[in-house]
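Single-structure report; data block below.
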Amino acid sequence: MREAPIAVFDSGVGGLSVLAEIQRLLPNESLLYLGDCGHIPYGEKTPEFIRQRCSVMAGFFREQGAKALVIACNTATVAGVADLRRDFPDWPIVGMEPAVKPAAAATRSGVVGVLATTGTLQSAKFAALLDRFATDVRVITQPCPGLVERIESGDLHSPELRALLKHYVDPLLANGCDTIILGCTHYPFLKPMLKSMIPETISLIDTGAAVARQLQRLLAQRDLLAEGPNRPVRFWTSADPASLRKTLALLGQVAGEVEKFNL
Ligand code: DGL
């Protein structure tokens, strides 16, 4: 069981930012990655639709013999993690949420910005996160429709993307944020562009590395850490495998196999 793979999924390629952190921290592990690219953006879908997708993908990974599941998507976590934990109580499942706690601890100006999807920001889970950790700071939330679609198409540099991103970031700067949470796993791919439009004193916080550490803890507790050597990552997409292969290359992932996910 130790050498069984770890399953990772996202609505698309965003979860690759988390996959990279898992590979860095746990190089012996074999990984499976599924991008539900045929159904992006999750951020604009109903929680019910996302819950159904989560359940289909989790069932698939169980059949693949995965020893753990990582929901590498904030939007899918708020919609689906509770149901998955109920349906698969014996499975280590790691979800993710915007890094409100570390951002509230780090801010000096007392103003924190959150870039995330509409679905994440509208969720009760996010409201609870603010109630718990952000009582002493001001939090400015900014939904960012359109960014995910651009990243999915491999666009990390165009003037149109830059204009859209600036439109979302400017209100955070105008409100005095000194800490910006990247609350969607697609957004770490925009860090170079973001850094070019904000002062150096502003910190960008994402949760990929924390998720990898949490996964390591859960596997260690159950004596499930692999000794290696690992096997190449297997990729699936619910859209076109050739197009995912192209985007993977642009995002710095060497893709072995990319298979079509038909469920
Ligand atoms: N990557 C996902 C997240 O972390 C959402 C992207 C989407 O809207 O499909 O929230």
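Cβ coordinates are placed from backbone N, Cα and C, and glycine is handled just like the others.
Feature list (source: TrEMBL):
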ACT_SITE  Cys73  active site, proton donor/acceptor
ACT_SITE  Cys184  active site, proton donor/acceptor
BINDING   Asp10, Ser11, Tyr42, Gly43, Asn74, Thr75, Thr185, His186  substrate binding site
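Counting Cβ atoms from all protein chains shown, Gly43 (substrate binding site) has 26 others lying within 10 Å of its own Cβ. Each residue in Gly12, Gly14, Gly15, Ile40, Pro41, Cys73, Ala76, Thr117, Thr120, Val148, Cys184 lies on the same chain as Asp10, Ser11, Tyr42, Gly43, Asn74, Thr75, Thr185, His186 and has a C-beta within 8 Å of the C-beta centroid of that substrate site, without being one of the site residues. Distance between Cα atoms for Ser11 (substrate binding site) and Cys73 (active site, proton donor/acceptor): 7 Å, as a whole number.
Note: the Cα of Cys73 (active site, proton donor/acceptor) and the Cα of Asp10 (substrate binding site) are spaced 5 Å from each other. Within 10 Å of the C-beta of Ser11 (substrate binding site) we count 30 further C-beta atoms, all protein chains included.
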